[in-house]
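Colleague: First the structure, then my questions, so here it is.
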Amino acid sequence: MADGGSGRHRLDKKDEQGSAKLNSRKRRRESSGSNGSAEEVIAKVSRSSFGLREPAPFSDEIEVDYSKPYVRVTMEEAKKGTPGDRPVRVYADGIFDLFHSGHARALMQAKNLFPNTYLIVGVCSDELTHNFKGFTVMNENERYDAVQHCRYVDEVVRNAPWTLTPEFLTEHRIDFVAHDDIPYSSAGSDDVYKHIKEAGMFAPTQRTEGISTSDIITRIVRDYDVYARRNLQRGYTAKELNVSFINEKKYHLQERVDKVKKKVKDVEEKSKEFVQKVEEKSIDLIQKWEEKSREFIGNFLEMFGPEGALKHMLKEGKGRMLQAISPKQSPSNSPTRERSPSPSFRWPFSGKTSPPSSPANLSTPSLRSLGSFDGELP
């Protein structure tokens with residue numbers, strides 16, 4: 001029986017199983033919040049290095065002890081967990097052309113089918129693949145190497161058979177065969193895994209939707225011109241890309257046109273940005289102008305309006321001017337003062353008497369006193 005540690009530096013089996021569980025990103029959904037909305041929570045693990053340090057060995061490089069009899073375990077025994085020195089040997093085969101995440105996920109499922117699993121992966125050769133399926137992008141050595149460096153693989157079988165025979169299953173002491181449950185019609189059979197299913201050795205896995213080798217090739221064929229132009233720019237020759245002389249010139253012309261288009265697009269984007277900035281600046285200036293205009297109109301009305309400060313100032317000034325020009329008039333009828341009676345005075349040459357004169361009248365005779373002579377001078 002093949003020892004899991006032969007020809008390869010790896011961790012202890014228990015640590016390996018623990019690492020597989022810790023490194024699997026477990027997700028759980030919990031209802032949180034008042035509205036009961038479900039949120040996706042990622043279970044975090046402590047940071048540590050559980051990765052293997054070397055690629056998986058090939059089956060023909062491993063020594064197998066055939067002295068010990070090999071008895072296949074049942075599904076119930078495998079699910080319960082086998083002893084550490086007797087892992088469940090699971091086999092998964094395929095072409096693995098353009099090795100991608102869909103392949104890796106399928107092998108991850110096969111590795112985690114049982115608590116203690118030893119995963120053997122068979123890769124078909126170029127001859128078998130070209131005969132039964134079609135031409136591959138990667139050759140067999142490249143495909144072997146890609147599978148070797150997948151972390152879930154413990155052993156790689158080169159030149160794996162297209163149809164699994166009892167002799168092959170016995171030689172590699174396989175307990176279960178892992179593959180997706182979709183019938184795989186090939187080599188004149190409706191399902192090449194039919195006899196495996198009937199023997200109770202089939203362990204189904206799930207395909208990863210949206211990714212496959214055929215999908216990747218379809219993308220390349222669909223965007224062939226883009227990839228051809230890109231590789232011509234990188235220095236590949238038209239002969240290496242199997243591109244004709246006319247197509248090569250066409251690709252170069254398209255590349256120049258694309259550069260011009262890109263420059264025009266850049267200018268348009270810069271122009272749009274400039275216009276947008278001018279518009280924003282204009283809007284800002286208009287808003288400031290409106291604010292200043294409202295402020296100016298308010299100040300103007302406050303000064304020159306119907307009830308403005310200027311009107312009050314004019315009223316006050318007018319009142320002061322009128323008061324200065326036209327003072328208050330004195331009363332028209334002044335009160336008469338009563339004179340005290342004085343003794344009458346008679347002139348010596350006249351029989352008439354005249355009222356006594358005040359000292360002022362004595363010094364400066366008035367008209368009335370002058371007319372009182374009446375020509376009666378002595």
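Just so it is clear, glycine is given a Cβ too, placed from its N, Cα and C backbone atoms.
Bear in mind that TrEMBL entries carry predicted annotations, made automatically and left uncurated.
Sharing the record's features from TrEMBL:
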type     : residues : note
REGION   : 1-40     : region 'Disordered'
DOMAIN   : 91-219   : domain 'Cytidyltransferase-like'
COILED   : 250-277  : coiled coil
REGION   : 325-378  : region 'Disordered'
COMPBIAS : 326-335  : compositional bias 'Polar residues'
COMPBIAS : 341-350  : compositional bias 'Low complexity'
COMPBIAS : 351-369  : compositional bias 'Polar residues'
Colleague: Same-chain Cβ contacts of the coiled coil (250-277) under 8 Å, 6 or more residues past its ends?
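Modeller: Residues 225, 228-229, 232-233, 243.
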Colleague: Tally of helix, strand and coil residues over the domain 'Cytidyltransferase-like' (91-219) according to DSSP?
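Modeller: Going through the domain 'Cytidyltransferase-like' (91-219) residue by residue, I get 45 helix, 26 strand, 58 coil.
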Colleague: Mean pLDDT over the coiled coil (250-277): what is the value?
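Modeller: Mean model confidence (pLDDT) across the coiled coil (250-277) is 85.
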